[in-house]
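Record features (TrEMBL):
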- 1-40: region 'Disordered' (REGION)
- 22-31: compositional bias 'Polar residues' (COMPBIAS)
- 62-96: coiled coil (COILED)
- 152-194: repeat 'WD' (REPEAT)
- 195-226: repeat 'WD' (REPEAT)
- 240-268: region 'Disordered' (REGION)
- 246-264: compositional bias 'Acidic residues' (COMPBIAS)
- 278-319: repeat 'WD' (REPEAT)
- 320-361: repeat 'WD' (REPEAT)
- 364-404: repeat 'WD' (REPEAT)
Amino acid sequence: MPVESGSSAAARQAKQKRKSHSLSIRRTNSTEQDRSGLQRDMLEGQDSKLPLSLRSNLLDLFSQIEREFENLYIENLELRREIETLNDRLAAEGQTFEGADLAKGALKTKASHSTSQLSQKLKTTYKASTSKIVSSFKATTSRAVCQLVREYVGHRDGIWDLSVTRTQPVVLGTASADHTAMLWSIETGKCLLKYTGHQGSVNSIKFHPTEQMALTASGDQTAHIWRYMVQLPTPQPVADMSQTPCEDDVDFSDKDEADGEVEGPNDCPSVRVATTTLRSHQGVVIAADWLVGGKQVVTASWDRAANLYDVETSELVHSLTGHDQELTHCCTHPTQRLVVTSSRDTTFRLWDFRDPSIHSVNVFQGHTEPVTSAVFTVGDNVVSGSDDRTVKVWDLKNMRSPIATIRTDSAVNRISVSVNQKIIALPHDNRQVRLFDMSGVRLARLPRSNRQVIAECCFNRL
């Protein structure tokens with residue numbers, strides 16, 4: 001029996017392989033023809049006002065889309081299997097390393113270049129999930145328990161902003177879409193003063209660092225500075241209310257829905273005239289804040305600019321331009337002449353006025369959707385929130401990448417940071433308020449209300 005040479009055997013195998021490949025192609029083409037014929041039969045059996053040729057063309061296009069999705073699905077499955085295999089290999093090698101003799105340097109001998117590449121690939125692939133796992137191990141602080149202590153009822157429309165005075169007497173200030181700002185007794189919930197000088201929605205309220213003065217920003221394209229004098233009422237004993245675990249989604253019914261329209265406090269005195277009116281914006285003034293010392297204020301507007309004013313003369317000192325879309329918020333550093341502005345252009349900007357002769361600005365592009373707010377902490381951090389459902393903590397000394405990222409399930413509105421305990425409060429579009437520490441570990445979730453949480457959270461002497 002003749003023996004077939006190696007070259008002829010290889011040629012015969014290649015010929016068989018080409019033959020099977022051509023049969024596979026013909027079989028695939030046959031399947032496609034059968035499918036298209038079946039589709040045409042289905043089209044003829046259906047009632048439609050579209051011409052048959054157009055319907056057939058549409059069906060072919062949808063078939064191509066279906067095939068593309070099918071290929072992507074198969075590729076995704078293959079990638080998942082590959083990742084699982086790599087993960088198993090890394091886990092096995094990690095177990096081998098743990099049992100090795102460190103004194104003899106066995107780890108350094110076995111750790112090859114391919115292993116380091118494998119480790120880096122897996123580290124990149126599972127970065128998000130690993131961060132969550134590490135955060136869960138870091139969460140040594142027990143979950144807080146939230147309790148409804150008091151409600152402040154009196155506004156006729158939504159509340160956009162909250163603030164607490166920095167000096168005595170300590171009162172709560174609220175800015176509302178009903179064109180008013182109110183001052184409240186924190187202990188009793190009683191309205192102490194109402195400011196009615198704006199002709200539009202009051203979007204922001206901030207208190208002077210040392211004097212009894214308030215700064216409000218409004219949709220009437222102005223910012224007002226007005227003085228107040230209040231006398232705190234005698235505190236009333238707080239009713240014994242059962243504590244509500246933060247993880248429960250409890251709906252507190254609104255009093256104005258249950259009892260009809262709220263008429264507001266009748267005995268609340270009013271202030272109708274501002275001490276200083278700041279004009280120069282060509283759009284809604286969405287936020288305003290005092291610079292350190294209280295001699296200057298900064299305002300942010302939908303006209304894409306932030307303005308720096310002198311309080312004593314009411315003159316415009318600087319117009320801070322550069323954002324490509326409407327500004328959403330502005331905040332000043334508590335101890336330095338620094339200003340941060342956020343915008344719908346997905347960026348926030350840091351303005352430095354510490355040197356009178358040089359006014360520098362840095363642009364940060366850390367988000368993919370509009371930045372709803374960016375605030376300073378007492379230390380050297382900036383916390384930014386966005387509609388991309390993330391909150392990021394930045395170090396002023398190195399702003400290249402965030403030191404912590406908090407991922408949420410809903411867009412984040414105006415965030416607030418407590419002064420002493422460095423707790424971040426995140427109000428969401430999904431009617432929830434969550435508390436995190438500066439490293440991104442969640443501490444609590446406040447009970448859910450039955451309206452959108454659109455106002456800024458406010459910490460009182462934390």
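Placement of Cβ uses the backbone N, Cα and C atoms for every residue, glycine included.
Remember, TrEMBL labels are computer predictions, not curated facts.
When the repeat 'WD' (152-194) is classified with DSSP, helix, strand and coil residues number 0 helix, 21 strand, 22 coil.
Sequence-remote contacts of a segment are chain residues at least 6 beyond its ends whose Cβ falls under 8 Å from one of its Cβ atoms, and for the repeat 'WD' (364-404) they are 325, 328-329, 331-335, 338, 340-350, 410-417, 419-420, 422, 424, 426, 436, 438-440, 456. Mean predicted confidence for the repeat 'WD' (320-361): the pLDDT average there is 93.
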